[in-house]
Amino acid sequence: MNTAAIDQTDARPLDTTTAPMVDPFGRAVTYLRVSVTDRCDFRCTYCMAEHMAFLPKKDLLTLEELQRLCSAFIAKGVRKLRLTGGEPLVRKNIMFLIRELGKEIEAGRLDELTLTTNGSQLSKFAAELVDCGVRRINVSLDTLDPDKFRQITRWGELARVLEGIDAALAAGLKVKINAVALKDFNDAEIPELMRWAHGRGMDLTLIETMPMGEVDEDRTDHYLPLSEMRRRLEADFTLSDIPYRTGGPARYVEVAETGGRLGLITPLTHNFCESCNRVRLTCTGTLYMCLGQNDAADLRAALRATDDDAYLAQVIDEAIGRKPKGHDFIIDREHNRPAVARHMSVTGG
């Protein structure tokens, strides 16, 4: 990890009116993804090993520290903030952080606060999320088959997730379904999943499996290029490319037969690096400038070194200056190893 020292005597005060941070390749960094915990109540086979060793709780940033870091990024031009995990809603007292960050929207300093969830806790928190200023969420859901759902999550209950989605829609949240396309597992039911999502007014986004972290299965067995999935869908559906964007990497098509939108996230077959506008913060204060690279900055040390947010801003600037041009994702069929050693649950999915 690169933790180059920075002279605190050169610290400059934060300027909330400054332009967004710009990386060495001219990309404005306006989107922060924050993993508030590495813990999850599921153990999805492509995301985690079944017997994960979670981070000691003493290593995690407090919610107040996470709030301070998020505020520092907002002051430096971040306009969109997404909370992830693990499963963000299993973090104790997480609504404190969400409510505090919602105040940034009220003050006009943040355009959007959202989160990615597995849906298991939505029945409990959906209405409160809306009250805190959250307007849309992503729900990870790879199958509508209860047995397959239990198989891929290892112990999840599909009915609980579907109840959570119903609660979110009833509360007024805009819901997008994220599904990892897996060969010989859920590829045959993606048309059904798409019809179901579109019939309820939800977008569906398909994602190629990403080679991150050691898991208990061989990813190459289930890797499915979305170019192939699109060709299959076009046998039964009319897909038209549209310019719709949500600030993320998905490219969207409109499905004439359902009237809904289908997103495609293709980190391996068609990467999105040239327009990358985001960085990722872990629950331990590590900042990853790229999902598919290992270079990182230790913001926890800067956070705890001083109460001076100007020093923290300098450390952030130095990190953004190291944001790479692109990731190194590749499916390594020869050696059966991930391109990046850390799990997605640590980085933030």
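Note: Cβ is positioned from N, Cα and C throughout, glycine not excepted.
Residues or ranges marked as GTP binding site by Swiss-Prot: Arg33, Arg82, Thr116, Lys176, Arg278, Val279, Arg280. Under the three-state DSSP scheme, Arg278 (GTP binding site) falls in the strand class.
The feature [4Fe-4S] cluster 1 binding site is assigned by Swiss-Prot to Cys40, Cys44, Cys47. Counting Cβ atoms from all protein chains shown, Cys44 ([4Fe-4S] cluster 1 binding site) has 19 others lying within 10 Å of its own Cβ.
Marked as S-adenosyl-L-methionine binding site by Swiss-Prot on the basis of sequence analysis: Tyr46, Gly86, Ser140, Met210. Reduced to three states, the DSSP call for Met210 (S-adenosyl-L-methionine binding site) is coil.
Mapped onto three states, the DSSP output places Cys290 ([4Fe-4S] cluster 2 binding site) in coil. Per Swiss-Prot, [4Fe-4S] cluster 2 binding site is recorded for Cys273, Cys276, Cys290, and the stated evidence type is sequence analysis.
Feature annotation from Swiss-Prot assigns domain 'Radical SAM core' to 24-250.
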C-alpha spacing of Cys290 ([4Fe-4S] cluster 2 binding site) relative to Arg82 (GTP binding site), in angstrom: 16
Three-state secondary structure, which DSSP defines for Lys176 (GTP binding site): strand
Cβ neighbours of Cys47 ([4Fe-4S] cluster 1 binding site) where a neighbour is any other Cβ within 10 Å: 24
